[in-house]
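Look at TrEMBL and you will find 55-120 tagged as domain 'Aminoacyl-tRNA synthetase class Ia'. Taken from TrEMBL, the feature domain 'Methionyl/Leucyl tRNA synthetase' applies to 692-777. Per TrEMBL, the feature domain 'Methionyl/Valyl/Leucyl/Isoleucyl-tRNA synthetase anticodon-binding' maps to 810-941. The annotation domain 'Leucine--tRNA ligase RagD-binding' is assigned in TrEMBL to 959-1025.
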Amino acid sequence: MTTANPNGPIELAQTGKRDFLQALEKKYQKRWADEKLFEVDAPPPEEGLSYDELREKYPKWLGTFPYPYMNGSLHLGHAFTISKIEFGAGFERMLGKRALFPMAFHCTGMPIKAASDKIIREIEMFGPDFENYSAEAADPKEPLPPASGSAGVPVAVDKAKKGKVAAKATGLTYQFQIMESIGVPRAEIKKFADPQYWLTYFPPIAKEDNTAFGARIDWRRSFITTDANPYYDSFVRWQVNKLHKMNKIKFGERYTIYSPKDGQPCMDHDRQEGEGIGPQEYTGVKMEVVEWGAKAKPEVEGKFDGRRIFLVAATLRPETMYGQTNCFVGTAIKYGVFAINDKEAYVMTLRAARNMAYQGITENRGEIKQIGEIEGTRLIGTRIKAPFAINPEVYVLPMDNVLATKGTGVVTSVPSDSPDDFQTLTDLRKKPEFYGIDPKWAAIDPVPVITTPTYGDMTAPALVKKLKIQSQKDTKQLAEAKEIAYKEGFYSGTMIVGEFKGLSVQDAKPKVRESMIAAGVGFAYAEPEGLVVSRSTDECVVALMDQWYLDYGEAGWKEVALKLLGKMNTYSSETRNAFEGTMAWLYQWACARSYGLGSKLPWDPSFLVESLSDSTIYMSFYTIAHLLQGGVIDGSKTGPLGVTPEQLTDEVWDYVLGRAELPSPSPIDPKAAATLRHNFRYFYPMDIRSSGKDLINNHLTFCIYIHSALFPEKLWPLSMRTNGHLMLNGKKMSKSTGNFLTLKNCVEKFGADASRLALADAGDGMDDANFDEKNANANILRLHTLIDWCEEIAKEEASLRHGSKDTVHDRVFEEEVKDLINQTRAHYDATNYKDALKTGFYELQTARDWYREATADIGMHSDLVFWWIRIAALMVLPIAPHFSEHIWTEVLKEKSSVQLALWPTPEKPVDIAVLESGAYMRGTVKAIRDAELSLTKKKSKGKEGAYDPSKPKALRIFVASSFPLWQTQCVDAIKEAYDEKTGQVNDVQVRETLTKLSLIKDKRTMPFVQTFKKRIGQFGATTAFKRTLPFSEVSVLKDLVPYLKRTLNLVDADVWLTEDTEGKTGPGFTRHIIDLAEPGSPSFEYRNV
């Protein structure tokens, strides 16, 4: 029984069965650990065997997932991704492979350091144990800062104190509160002011939680990242050194997302908000003020030390500047006047000025010098120069839809090609008094700039008319029109004015931009595509800076990376398409920073290797980590080979992971080096990497690039699969709403196996999955009930049937189980764990239930029942190993652990004829029961007939031996179109024949054709075209009669061939019912007796 929490997880009212299962889980987890079942080693090298031959003799499997970040406990989303490799490891072990599932702990980057810095500040504010904290004192009741600052953008408050981002994510304000919420005692929180403490605190918790989950992880291979682990640090330094020498890491000036507060680039893993957002490049357009409007003049004239004043716009379409008719500003925005140098000042938003300050546009980098402020409404009527425009001077006009959070807040107006501009200009002309403008300010008509095949030389007016846009408030239609106009102009447009008249827009765009910059009326400008907030809660900008970057997107490297992707199994077209899409836009990635934790850049130690750049090939480190480290994750103890970090020079790494020879003299014992190389070459390439789909945009694609650069083709990853995000109870997981579970909470609440079953059932594709707690709770009962049944059967074995297994139900049961074994294996092979659970757990029990019911009169056969129990334990072993272990050892009395058992591959192929006879039996039973139910309902409604279901009754079943004419004609058409050599059916020819026979429009025809073609594949053409069922209907139905009589409470039941009913009349021989029978679909009639 459960009680519902409207805002989050359910609460369990009774826990007896769960407690029983959890006790079993702890028992078997201890056994697995004691027997070291998940410690997987490479076989020793064998003379004369290549690594391909060695792996053929001793098959292996290496599965990995992105190591979790150690700034908290693992949540259910982590568990979902982990489960994909965990289930895979369990299955691959059953195929006789050395299945290696390692796990490490990611500590590189800003999050830990940023959180530590917050704790330091909070200790200063509230004392070492935060004893001086009070909600009232910390959060005074005062008005929040206004939504807009002096330049129409959000005020940059000290979010380390206000903690708005953290509050949004967790409902908590301070870092110490967040630490308490995840179970850290308050007295211990001060220790987290040291970022290194995080590296020792959370990894053991992650290990403990995974162990309680039943994960088959080889913990000997675990490690932490950063230079806190000298072995991993050496590995990372080798990697970046090699990439640097290969010219894959370069140094140069480029745009990057940047945190002014942190003083360094802010990459994806460094962000509190805005992962995946990159720089958007614009052309800045300088529109010099010729004459201030009447409202602006008193406020600004003569106040800027003689500087020339420019309204500055940011455009993505410099080629349209010839068609400017005016300029727009937002009436709700306050603009700043910012000194660029001692001669010029720009009118724009503070947000834009903040970006420009880091792009070499202002005189001093990082300096924002605001010398004035003016409301947008006061700029209306100002006359300005329009660079490159046919009309050299235009007026500033108001626009409702100008955003302070995009561009500069100043918008050039080209109504010939911008639907927004055209509609706003139209509105202003219609109601000049309403908008407070002089009609002459809006007097310039749209100027043709570009011609397109679809819309001519006035694209915007044509689209506004086509989409029936009436006002600038029709934002949805305008957004659609804008997208159409841009694509039409860019891909199909031709310039009809200006210096580049006659060129395509694609060719003209960069040339116009270069000309504007050369003329001093334009400049390069960039800003983030959306809001980006760093882990230190700083709103980021785009900076133009010299930095070390990985040259992703470089043509030659990209070609090799695409080759790797082409060879790799992605398990779904959606995943492959997402990879291809990322590779299409990915271009240069800053790989170094100066703040946070990590490995130092070898040739420039003032920088650290960025967190997404030290984690691209660490899967290879798993293959040797246990040989280097002495059983500790920080590498503080030397491992079994006696190799020290200092001995791992780049030359040694080139030998171990590359193709180089060991240097002479060697800094490392050659035998130790050979052992390291052997372990790497046996386990590599990685067989599968599983991850959330959000990492395709960075980590997974980086993984492809770096593998393609550092390793030969035979060592490239074999596959990558991705999954969607995990919802909880149909809603997004959220700490603030309480709809949240950690891995530990989940296992404590439901037990490991019930949780694992629910995770498997949650889904496998790229769509978001759902962990349903009601399902997890139901799994407790399912597992407990199945254990009870198996144990009861074991006690009552003597009462089961023995001897021959030759009844039709015995044969059907055996073949159905064999078929489910094969289906389930195919699902596991495809990593479709939801489907594997369906066939290997749920449908397997359905088959048992039918067998139990069908043989109630004679009893189930002992051999088949215990065989089924064995299969049940093995088929769900990858997903519910504790249940399987209990059945294996306690019910089946096997001495070795079930973790060593192999997949139960059937010795003989499935007998399709027997399988079909079973499906035929169940289908017939269902049809007969449905018919009786229908007759009973009719009687209850007062519809009297010759048959009364409440009185003693009998059943007569009619079997036809020949098919209807239309089906015979369909089969003949397929036979004529069948090619014996290729085994293929010419579908076009079939359709032509059926059309001639006037059968193509019959709704029964095509489904029958498809089914028949499937039968050709199942039984072969010879059997299929004979038009005979692969079993005797009469024989099967006669075997079914005892079951029907028993379960339907019949006095009698008999089976007749339709041809034997000729001349028969009276009750039970109704002619129109007899005529309904077809081969494979008997008809039947109830009668009273």
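Residue positions begin at 1 at the first shown residue.
Just so it is clear, glycine is given a Cβ too, placed from its N, Cα and C backbone atoms.
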For the domain 'Methionyl/Leucyl tRNA synthetase' (692-777): best-contacting stretch of 55-120, 810-941, 959-1025, by Cβ pairs under 8 Å: 55-120
Helix-strand-coil residue split for the domain 'Leucine--tRNA ligase RagD-binding' (959-1025), DSSP-based: 42 helix, 5 strand, 20 coil
Number of helical, extended and coil residues in the domain 'Aminoacyl-tRNA synthetase class Ia' (55-120), per DSSP: 32 helix, 13 strand, 21 coil
Secondary structure content, the domain 'Methionyl/Leucyl tRNA synthetase' (692-777) (per DSSP, counts of residues): 44 helix, 17 strand, 25 coil
DSSP-assigned states of the domain 'Methionyl/Valyl/Leucyl/Isoleucyl-tRNA synthetase anticodon-binding' (810-941) in counts, ordered helix, strand, coil: 99 helix, 1 strand, 32 coil
